[in-house]
Amino acid sequence: MPSIAHPDREDSLTDQNSSIDERHPLLPRHAGESDEHESHHSRDKIASLIRKRAAPWISTARRILPKGRLKWPQIIRAFDRANARHRLFAQVIFLVAWLLVDSFLVRQSWCLSSLSEPSQFPEPTRPEWLHCVQAFWLKDDGCGLNGQECRQYRNVSLPFRCPAHCGTSTGLLNPRVVGGQVANYQPLVVGGGGPEKRYRPDSFICQSAIHAGIISARWGGCGVLKMLDGTGEFVGTEAHGIHSLGVPAPFPTSFIFLDSVTSSGCHDLWLPIVWLNILFSSVFTLALQPSPQMLFWVLSVVGYWIVVVASEPSSLPPSWSKSTGIFLPFLFVCNWLWTVSWSNTLESISHLDRMWIYLGPWWLGVLMNLTIGWVPIDKLTPHDLQQRPGALLAFIILLTLTILLICYQAWCLRKENRLGPLQLPYACLGMVLVLLLFVPEHSVRIHHYLIGIFLSPLASARTRLSGVLQGFLLGMVQNGIARWSFASVLERSSDVFGDGYHAADRMPVLDFGNSGIVKGLQDLTISWTDEGCTEHALMGVMINDLLRFIVPSIRHSLTIHNFITNLTSFDTAATILSPIPVVNSTLDAIYFRLAFFENGLSGEQQRVGEYTGPVTFFINNHTWSGPIPVV
């Protein structure tokens, strides 16, 4: 009967025999043979060490989850054994179903809204789209002398629709004077309190509608706005998470929201669209196991259109012609990203790990207006970093983190002997950016899509961190291009600054010593010094945020006769907006601002400098306060 040898016993016998042979050799061992064997072993060890040092170091992405097979559902195990043709067929069917579901949700979200209101719009009416920061009244003197250029809005009823995300996450990005206050980095809502719930027309309409409870900050909605004549004051209050400013001063127009509105199809379905696409992308990556190149291109296409139709559309409703026009050059950018970054890393990561390494950071980048929109950085300019609270600290933290990641990625690429080819392109890029800094009247602005493009070659090592960075940077590129198109790295300084106040502009200087009430407490005189009057012929006087007078600056003063009546009434001689006088007998303060004007070539009077900060005159005790700085 043949004997069955046990493996463990065989190993033990082998070890014993080897030890016996070493203690009692059958043949004598010569010393020369031993020395030659040890010398040969040392030479092999040194040569192996030299070859290891000389060979390029290739990092590998280790698995996050255990290597052993997980207990997949039966359908996934069956799909895992499918051949390439069946796998491709299933992937195509899934992508078609994905497209159909998205098309249905996009149509429901953008194309089917209507409303009706018994008094103004008894029949179903399609509302007009408004942006989150859209208002009737323009900043400062944008509506002209006495508001004549905004007279078309008098007694208007407007059916409107607002998108989602119009709450506290949006608002002013530059200082705005409201009465005697300077507001910034907050929603612009003036009034809304009191029994009439009137809002001043320079309020952002969508944020005012959220404040009034007409629409939702998360879902958007529809409403009907009705313009009214002026009122004596606007009461500030806090409601639905938005704080409105109060101004105890009259204004020629106001508006309210009508309550009896019936609407349908007015909710912005961005959240269902985003969550369903997160689910579809996870199933596609995990269950259908696409090839690396197919996964990259599916993510590239999906991320771009998610920004266009759901998370941060560039226009309301989305402009299909503009978006498709940008889409083709965007695909060339994606092809470059695949070549210089993704192709080297994605193939080394398992299908299961791709879901965590790529999909999570990629969605963070695609939805970066929602995921990291709370970071107090907007324009990334020195002025913005100085004036916005917390912006400088956030910039320092992000810059430090970015430098650490760049250094680590450069170290990984150096170990792989792939850093050398990148040094010259990055040196040229740095030189070009430095040269652009010296272009007059322009500013270098590194948009976040450019950051994603510039840093992607450094994220090409075969490590898990590189995969995380590739996913996030691709999302950044998609978010930036889909929202802002291919914005230039070099922009005019005035465009970057926006509607902010320029500190370099000369402003008038008020003369409080010669200003005050005269002639039996009925007339009010406001005076200014000689500074700047010789260069500028005219002086504009804004009272209660409305440009009321443009007078020769050489006069150095303006006297308003019977000022209580004239400053609280708006007749047809002064302004076309409201023929009915609005008198506020409890007027306690008047707000003044001055700016230099000139006569233009066409005979129009044009402002040539910034307005001063608000100066407050208190009627009861005849005192002045201000000006409050606006820069």
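Glycine is no exception: its Cβ is also placed from the backbone N, Cα and C atoms.
According to TrEMBL, the feature compositional bias 'Basic and acidic residues' maps to 1-12 (among others).
Positions annotated as compositional bias 'Basic and acidic residues' by TrEMBL: 20-45 (among others).
Broken down by DSSP into helix, strand and coil, the domain 'LCCL' (143-245) contains 16 helix, 34 strand, 53 coil. Annotation source TrEMBL lists domain 'LCCL' at 143-245.
Positions annotated as region 'Disordered' by TrEMBL: 1-45.
The transmembrane segment annotation in TrEMBL covers 295-311 (among others).
Long-range contacts of the transmembrane segment (323-343) within the same chain, counting only residues at least 6 positions beyond its ends with a Cβ under 8 Å from a Cβ of the stretch, are 292-293, 296-297, 300, 304-305, 308, 314, 453, 456-457, 459-460, 466, 470, 473-474, 477-478, 481-482, 485-486. Summarising the annotation, TrEMBL assigns transmembrane segment to 323-343 (among others).
Tertiary proximity for the transmembrane segment (355-377) is limited to same-chain residues at least six positions away from its ends with a CB under 8 Å from its CB atoms, namely 61, 64, 165, 169, 185, 274, 278, 281-282, 285-286, 295, 299, 303, 306-307, 311-312, 346, 349, 384-385, 388-391, 394-395, 398, 448, 452, 464, 467-479, 483. Look at TrEMBL and you will find 355-377 (among others) tagged as transmembrane segment.
Annotation comment: TrEMBL describes 389-411 (among others) as transmembrane segment.
Taken from TrEMBL, the feature transmembrane segment covers 423-440 (among others).
Sequence-distant contacts of the transmembrane segment (423-440) (same chain, at least 6 residues past either end, Cβ-Cβ under 8 Å): 454, 457, 489-490.
Per-residue pLDDT, averaged over the domain 'LCCL' (143-245), rounds to 91.
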